[in-house]
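Worksheet: one structure, shown below.
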């Protein structure tokens, strides 16, 4: 064992027995190598582990040096919103579909992870968005997002009329099905499907992507990540929502605005030493291949 990491947390909500097997193999492998291991409570219960140190996501964030998320991108997003609040590094083993954020191949995870534990890794700081639903600047509901904050109708699809202010200066108005406000991390997710640009992870930028705008001139807009975005609504309705990473929904009531800004904290995401963002674009999303 080395001194790069002492306590390692195992997190992620398994959707099938294969993923659960990966959790168990990882736990026993780390214990055999002499690491202190914390297991998320739900995983420990499902594996029926005895005499194991367990904790919530927050407790793992407070006590562990590294969190290994086993699952797909959804598992990573759910865990990352909590773990980003703490001084902990995060890496993922892919047991989902795409696995854009979970780098490690489950069939070769032990060797890749061994290299990471020896200190051979690439570190990135990924910023989050904070979304507030407020009335007269009095905060009412708040959440965070790694990928994106999306304005959309609640249950029935319909046109929304709204205004967008950037740093309290009017930017544009729009009639559309909604708006995607994305981080660079989220630029390869929902934003990409809506025609948004790909932003490399190190950019300090936020992209605003219209969803089915009722105009021929609407285009995605890229702004500085230090900007504050305010959404105001002209026709008051009680069925609008914002969703964070497609996992948390906040309702918007009549007379309320939405404020979106960069979080004060960030996610410490790490990758194997041979990680390449552009190779990931190619292998996961079919980005153009080399010609020679």
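Backbone N, Cα and C define each Cβ position, glycine as well.
Residues within less than 8 Å, Cβ to Cβ, of residue 73 (active site, proton acceptor) and separated from it by at least 6 positions along the same chain comprise 96, 98, 99, 100, 101, 102, 189. In this structure, residue 73 (active site, proton acceptor) is part of a helix by DSSP. Annotation comment: Swiss-Prot describes 73 as active site, proton acceptor, evidence class sequence analysis.
Annotation comment: Swiss-Prot describes 73, 74, 147, 148, 158, 175, 177, 188, 189, 190, 191, 192, 193, 247 as NAD(+) binding site, evidence class sequence analysis. The Cβ of residue 158 (NAD(+) binding site) lies under 8 Å from the Cβ of 177, each of which sits 6+ residues away along the same chain.
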